[in-house]
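Visitor: Take this structure first; my questions come after.
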Amino acid sequence: MGFRFSDYDVIVVGGGHAGAEAALAAARMGEHTLLITQTIDSIGRLSCNPSIGGISKGNIVREIDALGGEMGKFADACMIQYRLLNKSRGPAVQAPRIQADKFLYAQKVKYTLECTQHLHLYQDTVVDVVCSNTTDAGYVAYGAAHAVVTARGRRISARAVVLTTGTFMEGRVYIGEYEAPEGRLGEHAAEGLGAALRKKGFQMGRLKTGTPARVLRKSVDLSVMEKQEADAIMRPFSFAHVEINRPHADCYINYTNERTHQLIRENFHRSPFFSGRIKAVGTRYCPSIEDKVRKFPDRIRHQLYIEPEGLDTEELYINGLSSCLPEDIQDEMIRTIPGMERAVITRPAYAVDYAVLFPVQLGIDLQTKRVSGLFSAGQINGTSGYEEAGGQGIIAGINAALYARSTKTKEEYHPFVLKRDEAYIGVMIDDLVTQGIDEPYRMFTARAEYRLKLRHDTADERLTEKAYAIGLQKKSAVETLQKKMRTKHEILHLLQTNKVSLTHANAYVQLKPHIGKSFAATLRDPVIPLGLIASLNEQIAQFPLEVFQSVGVEIRYEHYIAAQDQRIAQVEKMEGIKIPAHFDYARISGLSVESRTRLEHVRPDTIGQVGRMRGIRPSDVMLLLAHLKR
């Protein structure tokens, strides 16, 4: 292609999961894209747990795939174990989770980026974003990003910039008394950019995360541990894949004990978190083992999962034993666990805190409100998790591409936005920019009020055609979706026209109350297994199980789904009422000082967003609504 450094449309800063999806999206939409990262060989690393997916997280991975992203395909290519979580519960909270070969995963990410047209990789550290409307003191008031500056002094121009710095922006690693400016153990932090952003007027904070030690498989006795049952059939994340044929690796369940806890209690004073050296807030739902022991003193044990890091490595990941205690204490602590009495640690557990950009300074398109053309995604926005990062990354990449294109064509910029009823990604971004964060944000099904519509099996139905319309998704994906929808209609027709017979009832006693009813009507009975109905008809049994289950769920929960649709229609009216970008809230008499301050800080885009803000009363919403209607 041969375009020079001055020719880029989009620059992505950082090569983690957010950066990879952002760069791929922008490049695939035809924009000349540069991904700058400190170490090209570290692109796409699974820095912590060797797994992808989980409750609500698996939904996000499938949404990324439906949008034309790659995380689902990477996961399929590296899968070594598959489990559908919450199978005994309702379909709204079921989600796929896989163990991944972490080294193969990173190779796939790097190779895909290298092979993508319109995309270049460059190894350097970005220390500043050059903006218009910058004062002599470096402050920016509603300027526009048009270049980045690197540590080696290169100035590279761009029409849009996406920041995906992960834990590296001003990162510091802690292990007992050891402390170093690193974003990941052994990898130096990115200095300069955080200070540059503060100078421009951005409000920054610090958050913390951590990771457990890794041990050698040959040094532990897995035979005394409980093998974790996995699903017999590996199912793909990507809608482009039909089946997965890969080697399987086992995970194991273990527990801490009173000896473990006593050792930890005796060494609380050596933890940098308890001594006050780490002041940043950590992830509530993934606490360190010392935090668990301190908060739950009556617990006699805490569950651990022993997980393989890949097929071509002997390293095991001890899920549940995150720590920042000194290495000598980690050695002793791990050896109190059954089967690990002679464990050899290859990499110690550690904590890392890092700089974040408070996300209320972003619009719903993940563009900063202070600097147009500057987007951010992933842990810099206060989230935790590979999946949350990837979900933000693809949206930031799409919108950076659309913004860059608009500056070339001089046409109006129309951002790509996912609403709360369209995707978990939409829920997450709305939460971040509307409510902000005071701790690392993790996605849960409970955060989504329309989760019956946001099931993992419907991600393609919700998002694929939207992605195709903006030039990101392939036509083959749309054709696959259309085939699936035709199949669903065929299944529905068969369920509506076939009835439960006496023969069926004699074979299955639970069908007796439903003799003469259609299969569809029978499915509304929650005690009737979906698979039972499929087995009653040879034609139905030949259809893909996942597609049949999707139809069955929609029939069984149609009244709940209809109620959600009504609620969505009501909310849409509020979302349709826009608030001008520089609206003067001081003009509204009757608005409390607290509410006015919050509104001026967040600068919501719509009345619907105002209603979801923290500390905003219904009366405030009505006052604002009345003023806008004048």
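The backbone N, Cα and C atoms fix where each Cβ goes, and this holds for glycine too.
What Swiss-Prot records for this protein is below:
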type    : residues                                 : note
BINDING : Gly14, Gly15, Gly16, His17, Ala18, Gly19 : FAD binding site
BINDING : 282-296                                  : NAD(+) binding site
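Are these features on the surface or tucked inside, and what touches them?
Guide: Contacts of Gly15 (FAD binding site) defined by a Cβ separation under 8 A and a same-chain sequence distance of 6+ are given as Leu35, Thr37, Thr39, Ile40, Ser42, Ile43, Gly44, Leu113, Leu121, in order along the sequence.
Secondary structure at Gly282 (NAD(+) binding site), taken from DSSP and collapsed to helix, strand or coil, is coil. Within the same chain, residues at least six positions away from Gly282 (NAD(+) binding site) with a Cβ under 8 Å of its Cβ are Leu207, Lys208, Thr209, Gly210, Phe273, Ser288, Asp291, Ala351, Glu439, Pro440.
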Visitor: For the C-alpha pair, I'd like the distance in angstrom between Cys286 (NAD(+) binding site) and Gly19 (FAD binding site), rounded off.
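Guide: Cα to Cα, Cys286 (NAD(+) binding site) and Gly19 (FAD binding site) are separated by 23 Å.
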Visitor: With every protein chain in view, what's the tally of Cβ atoms within 10 Å of the Cβ of Arg284 (NAD(+) binding site), excluding that atom itself?
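Guide: Summing over all protein chains shown, Arg284 (NAD(+) binding site) has 12 other Cβ atoms within 10 Å.
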Visitor: What whole-number Å value do you get for the CA-CA distance of Phe296 (NAD(+) binding site) and Gly19 (FAD binding site)?
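Guide: Just about 37 Å between their Cα atoms.
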Visitor: For Gly19 (FAD binding site), which of the three DSSP-derived states applies: helix, strand, or coil?
Guide: helix
Visitor: How far is it from Arg284 (NAD(+) binding site) to His17 (FAD binding site), counting Cα to Cα, in Å?
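Guide: Here the two Cα atoms are 22 Å apart.
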Visitor: Report the residues of the chain - excluding Gly14, Gly15, Gly16, His17, Ala18, Gly19 - with C-beta within 8 Å of the mean position of the site's C-beta atoms, for the recorded FAD site, in sequence order.
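Guide: These residues sit around the FAD site: Val12, Ala20, Glu21, Ala22, Thr37, Ile43, Gly44, Thr164, Gly166, Gly378, Ala389, Gly393.
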Visitor: Measuring Cα to Cα, tell me the gap between Glu290 (NAD(+) binding site) and Gly16 (FAD binding site) in whole angstrom.
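Guide: Glu290 (NAD(+) binding site) to Gly16 (FAD binding site), Cα-Cα distance: 28 Å.
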Visitor: About how far apart, in whole Å, are the alpha carbons (Cα) of Gly14 (FAD binding site) and Lys292 (NAD(+) binding site)?
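Guide: About 32 Å separate the Cα atoms of these two residues.
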